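Since the structure comes first, as structure tokens, the remarks are kept for the end.
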Amino acid sequence: MEVEQQPSYTSNFIIHLNENEDNGISYRSRKSTPKLVKHYILGEVLGEGAYGKVKDGMDSFTQKRVAVKILKRARLKKIPGGEASVLKEINITKKLHNKHIIKLIDHFIIEEKGKLYIVYEYVGGGTSQNILENAPNGRLPPHQSQFIFRQLIEACEYIHSQKILHRDIKPDNILFTHANVLKLSDFGVAEDSSQLEDFECLSRSYGSPAFQPPELTQFQTTFSPFKIDIWAMGVTLYLMTIGKFPFSGANMFVLFENISKCKIEFPNDLDKDLVNLIKGILQVDHIQRFSLGQIKNHPWCIKYIPEVEPFVPLLEESKFLPLEMAYGDDEGDDGGGGRGGGGDDELIFGYENDGNTIDLQDPEYIPSISVGDQPPSTPILHSSDHHHHHHHNNQHQHQQQQQQLQQSQQFHGNGDNNLLFDSNNNLIFDSNNNLLFNTNNNEHLINGLPVHPIELDPVNIKKSSIGTNISDVALIRENYICSDNDASSGQDDEDYSDDNEISGEDLNPTNHHHHRADRVGSRDKSSRSSKRKNSSSNNNNNNSTSPKVEFNPNRSSPQPPLRNSSNRRPKITFESPHNKSKCIIN
């Protein structure tokens, strides 16, 4: 691949498809270099707060996108109970398992960096606040408001059943997936009522002031803890359907006074059922305030609302993080958690708009190939290297061949006897003299070249010089990751480690095996030229079978480790937006 010596552009590895400049791909200035913390690759900042920030990221083991909250411990220690509050948030979120609750994946501390990392599932559709900002007149269509509010009811029903009070329900903390599934997030001020000896701490105002109920703004001594969340739900509903807050004020004192008076104005043309629902939720007396059961069964929540206006769209989905080769020892702001770098290996980022790919990111979905079934169509590297084999009647050799056949049958799970072996019975060939399996090291091969089982997939996955999308990242990732026994044997390093520069030819499915042929060395050539023997007792069976590759969802296989040849940080490669045959080295 040709390298631009003086690049005038660097690309961000997060893109948004609504910015169409180059075939649906818009390149934007990269704000920060991607970093690796533990086994998470960090991307751009999604949001910032008083105590830290949230970054886009990817789990390099599962190739699943994540959101990483990064908190500086020095700042937390300046706040009374700061670290304890964060640990409480972690413990509360860990116990919640519901489709409408943000999922906590991991959490850890890196002492030398003085930072706490909390890893959540990635929810890319944006927040209710994002939707409101993009909505005409700042409000949502009635049917969309109803759709969102119904899911919010389910989320609150679940957390209240687990004795959890959120205490900060608002549009900013209501997220959406691109499948329009609501996710309630940010349990930073939440409380587990089952762990409280008394409810005095709940009487203090937390969260956003505009969403606080009168019992907290008036510092009342009696209140219903779970009705705090219900009040915030009412304010959120008012904001979604009318486009403004029900209460406002020039300062905090005026705002709290207006909340206590609870004088609410409604447009004249607003749905009467909706007015009745909001009034029932925003009751000053918490005893008279609607319960979740009353809200769920209210006429406005259960009736059909026609779609007069179109839905306000979610944020556009962005493509993300295709390939990673190595763990790097990050020396940047948010790194330091790697296992060791990849030396001169490259950490490659690119993009792919084609979503019609098979999802192989789950390591359990590894195909198996049956004996006698030919592997997927690949270029024949040695089409002229055909040999005619003679059959020998030596009984001892025949027993060895039968034993070898049993081993191959045990591996492949099929009884086809049209197999060929070399003189040492170490290599297994199909009826077309294609090397299928090396019994010395249990290595899958296609035309004599080692491949990972995941590469045996028959679907023609698109590979290009501009990377891939998240669906097929696991497939292409295997081309640059050594096998499970690399670290112990070092055998595959001989084949792969000497080719660190990745070219467009490497990613071309028609040239991929040709490119790797030189790295295989004379070992495979001599193996292919050795005398082969036919162990088949059914030599007259000339029936050919079509390629058949089966997926076994129940089959479990660990994800191969990433290469870690040294502690140096990997190079970062970004593709040129002007010429896809070029790349830019950072």
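The backbone N, Cα and C atoms fix where each Cβ goes, glycine too.
Mean pLDDT for the domain 'Protein kinase' (40-301) in this predicted model: 91. Taken from Swiss-Prot, the feature domain 'Protein kinase' covers 40-301.
Annotation for G52 (ATP binding site): spatial neighbours K69, I70, L71, K72, R75, K115, criterion Cβ-Cβ under 8 Å with sequence separation of six or more. Taken from Swiss-Prot, the feature ATP binding site covers L46, G47, E48, G49, A50, Y51, G52, K53, V54, K69, and the record attributes it to sequence analysis.
DSSP gives D168 (active site, proton acceptor) a coil state; it is part of no helix or strand. D168 (active site, proton acceptor): 22 other CB atoms within 10 A of its CB, across all protein chains. Taken from Swiss-Prot, the feature active site, proton acceptor applies to D168.
Among the features that Swiss-Prot reports, region 'Disordered' is placed at 326-418 (among others).
Look at Swiss-Prot and you will find 396-418 (among others) tagged as compositional bias 'Low complexity'.
Per Swiss-Prot, region 'Disordered' is recorded for 484-586 (among others).
What Swiss-Prot records for 491-504 is compositional bias 'Acidic residues'.
What Swiss-Prot records for 518-527 is compositional bias 'Basic and acidic residues'.
Summarising the annotation, Swiss-Prot assigns compositional bias 'Low complexity' to 535-544 (among others).
Under the heading compositional bias 'Polar residues', Swiss-Prot lists 553-565.
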From the Cα of D168 (active site, proton acceptor) across to the Cα of A50 (ATP binding site), what is the distance in angstrom?
16
How long is the line from the C-alpha of L46 (ATP binding site) to the C-alpha of D168 (active site, proton acceptor), rounded to the nearest angstrom?
20
ATP site, defined by L46, G47, E48, G49, A50, Y51, G52, K53, V54, K69: further same-chain residues with Cβ within 8 Å of the Cβ centre:
V45, I70, L71
Distance between E48 (ATP binding site) and D168 (active site, proton acceptor) at the Cα atoms, whole Å?
17
Would you kindly give the Cα-Cα distance separating V54 (ATP binding site) and D168 (active site, proton acceptor), rounded to the nearest Å?
18
Take the Cβ of E48 (ATP binding site) and count every other Cβ within 10 Å, whichever protein chain it belongs to.
11
